[in-house]
C-alpha cells in the first residue's frame, strides 16, 4: 500500500459505520475492499484506533469514579460536622454554606454520570467488548513484571552498592516525604526508585536511626518503607512491573476501606517493632564486638587475657599485684606449693601481668625476681 492509499485507509476506518446490531463493522464487507488495499492492515489499523478510543473512555470513567468517591466522602464529613455543631450550639453558617456548595457539586457529578452512562449505552459493540465478561474488572493493564536475574549474593551486594551511590540523595528525599500525593508524584518522576533496592535501603536507614535514638524520624521513614513494600507486593500479585503499581497503591491507600487501612497500619506497627528489636540486637552485637576487640588488644605474649588471669588468682596473689609490691609477691610465692606457684606465675607471664627480669646470660628468666608490670 502506497502513502496515498494508506491515508485513504486511515480516513476510512476513522469514520466507523455501525451495523444493524450496533456492532462495529468494516466499512463494507471484507470482500468489498479495493483490490489494491491490504485488507489485514485495514482491520489492524481500525482495531488500533478503536482500542485507543476505549482506553480514553476508561481513563475518563476512572477519573470520574475517583472524583465521585472523594465528593461522597467530603459530603459525609460535612454532614457529620454540621450535626455535631447543631448539638453544641456552634455557629452553623459557614458549615451550611460548605454543605450547599458540596450539594451543588453533587448535582454536577450526577449529570456527568448520566452522560457517561448514556455514552456507554450508545457505544457500538465490537470484538473487544463482546469477548469480555461483564463482571470482571481489570485493575492494571500493562507490561509484565520484570523477573529478577539469578544473581549471586556478591552480585546483589555490588548492585545495591552502586544503586545507593547513584541515588542516595533521592532515596533520603523520598524517605522524608510526608504526603501521599508528594510520594506518588516523586516516584512517578523517579521511576528507577520503584524497586527492591529502595526498600532495602530504607530498612537499613530505619535500623541506623533507631540505633542513634532518633525514634520519631525512624517511625516516619518506616512509613515510607512500608509504602514501597506494598507497591512491590502489589506488583507480585498482579505480575506486572512495580512502576505500574505506584498510582494504584496511592489512590487506594488515600480512599482506603477500613479493612485495608487497618491492615496497612498493622504491618507498619509490626515493622517498627522488628526495627526496634533488630537495632537492640545490633547494639548488643556492637558492644560484644568492642569488648572482644578490647580483650584481643590486651592479650599477653602467651595469648592469655590479663583480666581473666587476675580474676583466677588466689586472694593473696591479688593483693600483691594490687599493691605492686615485689617483696610481698616473693614472700607469697615461697609460702605456696611449688607446683601451684609455677602454674599461677606462668599464667601471669603469658598474660603480661608479670614481666620477668632476664638473667645476665639472656636466656633464662626468674619467676619471682623481676619487675612487676601489673595491668
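Just so you know, the numbers here start at 1 and follow the chain as drawn.
Here the Cβ of each residue, glycine as well, is placed from N, Cα and C on the backbone.
Over in TrEMBL, the protein carries these features:
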- 29-138: domain 'Cdc37 N-terminal' (DOMAIN)
- 54-73: region 'Disordered' (REGION)
- 131-294: domain 'Cdc37 Hsp90 binding' (DOMAIN)
- 298-375: domain 'Cdc37 C-terminal' (DOMAIN)
- 354-375: region 'Disordered' (REGION)
Residue counts for the region 'Disordered' (54-73) under DSSP, helix then strand then coil, are 20 helix, 0 strand, 0 coil
On the domain 'Cdc37 Hsp90 binding' (131-294), the mean of the pLDDT values is 86
